[in-house]
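Enquirer: Residues annotated as active site, proton acceptor in Swiss-Prot, with sequence analysis given as evidence: ASP13. Annotation source Swiss-Prot lists active site, proton donor at HIS43, citing sequence analysis. According to Swiss-Prot, the feature GTP binding site maps to 12-18, 42-44, ARG258, 284-286, 324-326. What Swiss-Prot records for ASP13, GLU14, GLY15, LYS16, ASN40, ALA41, GLY42, HIS43, THR127, ARG141, GLN179, THR194, ARG256 is IMP binding site, and it gives sequence analysis as the kind of evidence. Feature annotation from Swiss-Prot assigns Mg(2+) binding site to ASP13, GLY42; the stated evidence is sequence analysis. Swiss-Prot lists THR252, VAL253, THR254, GLY255, ARG256, ARG257, ARG258 with the feature substrate binding site.
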Amino acid sequence: MTCTIVVGGQWGDEGKGKIISYLCKKDNPSIIARGGVGPNAGHTVEVDGEKYGIRMVPTGFPNVNAKLAVGAGVLTDPEVLLKEIQMLEKFNVGERMLVDYRCGIIEETHKELDKSNEHLSKEIGSTGTGCGPANVDRAMRTLKQGKDIESISKYMGDVSKAVNEALEAGDNVLIEGTQGSLLSLFYGSYPYVTSKDTNAASFAADVGVGPTKIDEVVAVFKSYPTRVGEGPFPTEMSVEEAESLGVVEYGTVTGRRRRVGYFDHELAKKVCRLNGATQIAITCLDKYDTECYGITEYEKLSEKGKAFIKEVEEKVGVKVTLISTGPELGQTIDVRK
């Protein structure tokens, strides 16, 4: 029995979707539970060459044997949830979906307010998905809950009960975090942050799991960090430099171009300390050095690639156990014992 939490180590867009999908296939958890803010964070999962952009359904959906759960702490947009369930019909997502009846519900008014608020949309760079305004209503105790919405009633249940019973039965459980630690309302670059905490302890609380039940915390870092929206970015490079390196990306939810920077070891160390990370996953090593593309054995990495991994381990103080060398699940180096 292992309960693992996957967290983003930067400003989101670290490639958590790929790492989560890999862990779900390799470790075969019986439940994949999603924590985090809500549909403001997008994950891209590639299965057999086909890409799926999702915001509500857990990214471990390719594991067709696992139950998929959305915790009570996660804001839910019924429209987005139902569209994704339909889009992923061939993975039998609808039959495996469990949404906590206590989850907060995003309504159209929340999205309208998010988009029309100049401070949120222009100064902060909100995604406009209604999460901030919905969390305001939640704090005021006026927000609707999942149990109040007829259109998603068939998916309602007690996620905390299901997850804890799975752990008691000796099953593996994976908890998905969203966004990134540096976007935390408490520990990020305030006010350029999201509307709640985005660290491991909060993700555990989102799905109703106590801290003593957590065995592993995997912090995911991209070889070159990216950020969408406003806010400090200490190692940011120019657009021209990013283009010369072939690093041009756009946000899954917003479609906005991502800002690009160099790996920041000090920030990574801070994030690992904050989350109690037990291991690190590095993604896009093939973008840092194209010679690493598709490599599946550590010994076969280029010297440049190995040096990057070694420097991360030495300066951050946490073992790198997973290395992504391409978009496909099989393009992964796994050095876990």
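The first residue you see is number 1, and the count goes up from there.
Including glycine, each Cβ sits where the backbone N, Cα and C put it.
Please go over these features one by one and say how buried each is and what sits next to it.
Expert: In the three-state DSSP scheme, ASP13 (active site, proton acceptor) is classed as coil.
Under the DSSP three-state reduction, HIS43 (active site, proton donor) is assigned to strand.
Within the same chain, residues at least six positions away from GLY15 (GTP binding site) with a Cβ under 8 Å of its Cβ are VAL220, LYS222, THR283, CYS284, SER324.
Every protein chain considered, the tally of other Cβ atoms within 10 Å of the Cβ of ARG256 (IMP binding site) stands at 13.
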Enquirer: Tell me the Cβ neighbour count for ARG257 (substrate binding site), meaning other Cβ atoms within 10 Å of its Cβ, over all protein chains shown.
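Expert: Counting Cβ neighbours of ARG257 (substrate binding site) within 10 Å gives 14.
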Enquirer: Spatially, and counting Cα to Cα, which of the recorded positions is closest to ARG257 (substrate binding site)? Options: ASP13, ASN40, GLN179, LEU285.
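Expert: Going through ASP13, ASN40, GLN179, LEU285 one by one, the closest to ARG257 (substrate binding site) is ASP13.
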Enquirer: Using DSSP, would you call GLY255 (substrate binding site) helix, strand or coil?
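Expert: GLY255 (substrate binding site) sits in coil per DSSP, no helix or strand.
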Enquirer: Out of GLY12, GLY42, GLY255, give me whichever of these binding-site residues has the highest number of other Cβ atoms within 10 Å.
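Expert: Within the set of binding-site residues, the most crowded position is GLY12.
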Enquirer: What kind of secondary structure is LYS18 (GTP binding site) part of, going by DSSP in three states?
Expert: helix
Enquirer: Nearest to HIS43 (active site, proton donor) by Cα, among THR127, GLN179, ARG256, THR325 (binding-site residues)?
Expert: GLN179
